[in-house]
Amino acid sequence: MSSESRSASSPVAPDDIEEGVVLRPKFDAHGLVTVVATDARTGDVLMVAFMNDEALDRTIQTGEAWYYSRSRKRLWKKGETSGHIQKVLEMRVDCDQDAVWIKVDQTGGAACHTGRHSCFYRRIDRGGDGAPVLIETDAERKFDPDKVYGK
């Protein structure tokens, strides 16, 4: 389905969204939908990002993950700088189509721009005073971000 037909403003019955066979993503007010990327092999959550309609189309057409960067205000292909591309093996939408789940083969072993396997490398615990503290659970870096991104 083309982005033009997906973005058409014709009313859609809830049953068509929840039980139908047509992709009708519910983009937010900024034209974005939340995407959760997981490692297809391990099931680990790798990252949470956003797609606009064009990123979603490119992902479907190419089989590689494309996202929309809210900070840079542009499309980006995962791995365009690092080479750590996400090959999409399966895509799903949730019941009301306002979130996308992609199962990927993460090349290079790292999804996070910090060089780690996952962006979820810290656990929230409570310190001695009861205040929340972050505990690193994955210190291993697959690459040095300063070398890859030139920071």
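Backbone N, Cα and C atoms are what each Cβ position is placed from, and that goes for glycine too.
For Asp96 (Mg(2+) binding site), the Cβ neighbour count at a 10 Å cut-off comes to 12, with all displayed protein chains included. In this structure, Asp96 (Mg(2+) binding site) belongs to neither helix nor strand by DSSP; it is coil. Per Swiss-Prot, Mg(2+) binding site is recorded for Asp94, Asp96, Asp98.
Sequence annotations record features per position, and here Swiss-Prot assigns Zn(2+) binding site to Cys95, Cys112, Cys119 based on sequence analysis. For the recorded site, Cys119 (Zn(2+) binding site), the DSSP three-state label reads coil.
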> Taking the mean position of the Cβ atoms of Asp94, Asp96, Asp98 as the Mg(2+) site, which residues outside that list, in the same chain, have a Cβ no more than 8 Å away, listed in sequence order?
Replying inline: Ile17, Lys26, Val93, Cys95, Gln97, Ala99
> To the nearest whole angstrom, what is the C-alpha distance linking Asp94 (Mg(2+) binding site) and Cys112 (Zn(2+) binding site)?
Replying inline: 24
> How big is the gap, in Å, between the Cα of Asp98 (Mg(2+) binding site) and that of Cys112 (Zn(2+) binding site), rounded to a whole number?
Replying inline: 23
